[in-house]
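Here's the structure we're looking at; comments come further down.
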Amino acid sequence: MARLTALLFLPVLIESAFSISFFLPVNTRKCLREEIHKDVLVTGEYEISEQVVTVHTSSTVVGDGSIFKITDSSSHTLYSKEDATKGKFAFTTEDYDMFEVCFESKCTGRVPDQLVNLDMKHGVEAKNYEEIAKVEKLKPLEVELRRLEDLSESIVNDFAYMKKREEEMRDTNESTNTRVLYFSIFSMFCLIGLATWQVFYLRRFFKAKKLIE
């Protein structure tokens, strides 16, 4: 069976948590991609329904389980689990990057599709404020204020990043416009030079043919 690959692209949103369920056919790889900022805590849980593999004498059914892997744009592995069925993961991003979460079924044969459930959180949603409250002995109101403070900081960072991107794009546009202007001026001088050369060449040609004085 041919190997299939499906990519689901997730946009960058202020909301920092999502839950998704999908079916994973045999010998198939499905991935989700999401952009996440630098120094952001990412946590999640996953659960994959187990494949029941029955071996018959007249059929070939091979079951190697499923592989769960998280990588960045440089193909660095942040989390990997073979024969994955259920688990949790957590990591902190080092740079702003595109991260890819992949599930791959290595089983071949006539077996049911696996059901995959994924809950992923990052930023404010990934923090365990109940644990923070216990460690720092915070009151419920103080915990809520801490959460709102972290949320506000996250939103400010998002806007700061968007402003930075806008400035970078503006600088790129200005640089491109300058290059186009210089190229246009250069092209104009080339055309003027070519036209002048043609005039003198034709003048000499006509004089040589004694068509003009």
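Here the Cβ of each residue, glycine as well, is placed from N, Cα and C on the backbone.
Because the structure is a prediction, the values reported are computed rather than measured.
Annotated by Swiss-Prot as motif 'COPI vesicle coat-binding', the relevant range among 16-24, 178-186, 205-213 is 205-213. Mapped onto DSSP helix, strand and coil, the topological domain 'Cytoplasmic' (201-213) counts 8 helix, 0 strand, 5 coil. All protein chains shown were included, and the count of other CB atoms within 10 Å of the CB of N173 (N-linked glycosylation site) stands at 10. Per-residue pLDDT, averaged along the topological domain 'Lumenal' (20-179), amounts to 83 for this model.
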